[in-house]
Each structure stands twice: as structure tokens, then as C-alpha cells.
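Worksheet: one structure, shown below.
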Amino acid sequence: MKILIDENMPYAAELFSELGEVIAKSGRTLTADDLIDVDALMIRSVTKVNSELLSKANKLSFVGTATAGMDHVNQALLKNKGVFFTAAPGCNKVGVAEYVLSCVMVLAQQHGFSIFDKTFGIIGAGQVGSYLAQCLDALSIPYLLNDPIKEQEGDTRSFVSLDELLEKSDVISLHTPITRDGNFPTHHLIGQERLLTLRHDQILINAARGPVVDNDALKNRLLIQDGFKAVLDVFEFEPEVDIALLPLLSFATPHIAGYGLEGKARGTTMIFNSFCEFLQREERADPQNLLPVAPIPNVTLNQQWDHSTLHNLIQLVYDVRKDDAVFRKEISTIGAFDNMRKDYWDRREYSAITITGNKDCGLTPLKQLGFTIEEV
């Protein structure tokens, strides 16, 4: 059995080699010829699964994407061909939420405001948006939710309209898929008209899909230079990036918000376990068994944590300025966007750090935020 994997999928080679012959290739440059005699295909979001790619897939029976998003896969086509499909919903939710928190924490430090004085607006209440809301709940930070599809489906959470969210939120965080059809398309959801309504003191963060925000309109909005801030982890035409947009952004990164090592391990193991079930094999993988010890695995608190402590803990795990600096330095070189993703460092999640302290340190919110807690 031949299993074709994306060469940038962590732990995939060692796991899938238990099941068959593994062939590793660049996901963005896969061609139809690569799928000849291949039984299973394991991809990431850079691979477009369409009729062209599958035109010579004479043995393909299984496709797995180690990503939460699925807009790069023509699922109807796979179904018509009798090919089983699976994804990894929620695998990156922790990393994306921690990315957003890092961005806002750094901006708070740079511009002299407190994250606790802000209201967040979360657009898209799926796995990622819901986890971000959970983090904000842990810190008692208010937020508004917008997700008309969830609302129509009977989700009992309190939702507001998009226009109300844009009006009342200080930090607007996007967590929708990219859709062009249906009652609530998200392509250019944040376009020129809505961008011009945003206040000078608002922050827009897109860690969802690039085309959810009209990048040309965003550039024009930022050129007003009234204090409005924007952070992009995704770009409308990535891997191509509008270089003229970069100086206007507070932070810019190459689609790595969900690239924590834990998240990537979860994505790989989720599709590995699904493939084992498909094959009726007993093998199962636990992402925790794959992860190395964090560079700084332990932190001790001697007193009640405060805003400064929280800022330091969050930046200890992940400081967005590191990725932003690399992005701005490298992006003008050929292939930089994909190379930065391919060579991305082993970023960890809060759970990789154990915080030790006594009951007077008030550790419960930190535990709810995701840190591992050891009370003494």
C-alpha cells in the first residue's frame, strides 16, 4: 500500500510507515502523476484536491487533511469517486487562540492599554472561535459572538449581528471558513464598506482565511492612518503577498497562527487514527506521546498573578513579534511564504508549561487558559 504524505506534516512519516510505503512530497506542487498507484493521500491546506489532481488517481481510496479547514478539498468529487475523506477539526484551535492573545497583549504593551478593558468580537463560533471565547471567559474579558449559521441551527449561545459586533467590539477576530455561496458567504465579508465604518481605536485580526478580508480595501483603510490597527496571518492571494500592505500592518505572519507543535501533532494523529479505523487496524496514536519537553517546562509563582505576570507568561510561550520580524525580513525572497511555514520553529502551547504555586496564587484562571497547574 502506497501512502503519499505532505513532506511538511510533522510525525507523519514515522506514523504512516507503520501502515505502508510512505512517499513524502511538497504539498503545494503535487501533480496528477504523483497520485498514480497511490492508495491514500495525506495533505495540508496548501494542496488543492480537485478533478485535475485526481485525474490519474487510479487506486486512491482515502484522503485525509491534517487541518481544521476543508475549503481546499472538493468533497463532492471525492464522494462521487468513492474516496473516503477525513479532516482534523479543531486541531489548531488552541494555537490560533494563543496567537490572537499574543497579538493583543503585545499591542496593549506597545500602545498603553489593558486587554481587560477591551471587548472582543469573535466572528465565527466554530471550534477556533469557541475556544478563543473559552480563553476570554477564563480571564473575565467580555466578548460578542457572530455566527448566523450556528444561530440558525439553534445554537443557544447569545449571538449578535455582524454590524452590531463591528460597532461594539474593540478587538475583531475572524474565525470563519471561506465560502462564496449560500445565505452567508464569507468572501470579502470584511470589505470596503465595513472597513470604512471601523473606528480609529479598533483592532482587526484575520487568522482565518485570506479572502475573508478584502486586502486592497484594508490597505486603503490603513492608509488613512487614524490609529486603526490590523493583524494578518492570512493573505488574500497567498503565498503571494502585497508588499505595499506590510508596512501598514501591526503584525504579519505566513499563515502560522495554528502552527503550534501540539496542534500539528493533533492534526497528524487525528487523520492517522481515522485511517487506521478505515483499514480496520488497531493502531492508534496519542499526540502527547510524540511531543518533546518544552524548552522552559516549569514556572514557579510566589504570589497572586497580575496583568504583568499574565503578559510575561503568554509571551514566554509565544511572542508574535518573533514571527513578524522573520516574515518582514524574508518575504521578498522567492518561495519565502512556503519556506517559512516549512521551516517553522517548534512553537509550543500553554499546556507545555507547568505553573507551580500555592492556593494564594489564584491559579484557576491560568488552568482554564490552558496552562498545566501544580498546586503546592
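Residue numbers in this text run from 1 along the chain shown.
Each residue, glycine too, has its Cβ placed from N, Cα and C.
Site annotation for NAD(+) in Swiss-Prot covers Gln127, Val128, Asp147, Thr176, Asp233, and the matching candidate from Gly258, Gly260, Gly267 is Gly258. Within its own chain, Thr176 (NAD(+) binding site) has Ile123, Gly124, Gly126, Thr186, Leu189, Ala208, Arg209, Val212 as residues 6 or more apart in sequence whose C-beta sits under 8 angstroms from its own. Val128 (NAD(+) binding site): 29 other CB atoms within 10 A of its CB, across all protein chains. For the pair Tyr259 (substrate binding site) and Asp233 (NAD(+) binding site), the Cα-Cα distance reads 11 Å. When the binding-site residues Ser45, Thr67, Gln127 are compared by the number of other C-beta atoms lying within 10 angstroms of their own C-beta, Gln127 comes out lowest. Under DSSP, Gln127 (NAD(+) binding site) is assigned to a helix (H, G or I) in the three-state scheme. Cβ neighbours within 10 Å of Asp147 (NAD(+) binding site), excluding its own Cβ and spanning all shown chains: 23.
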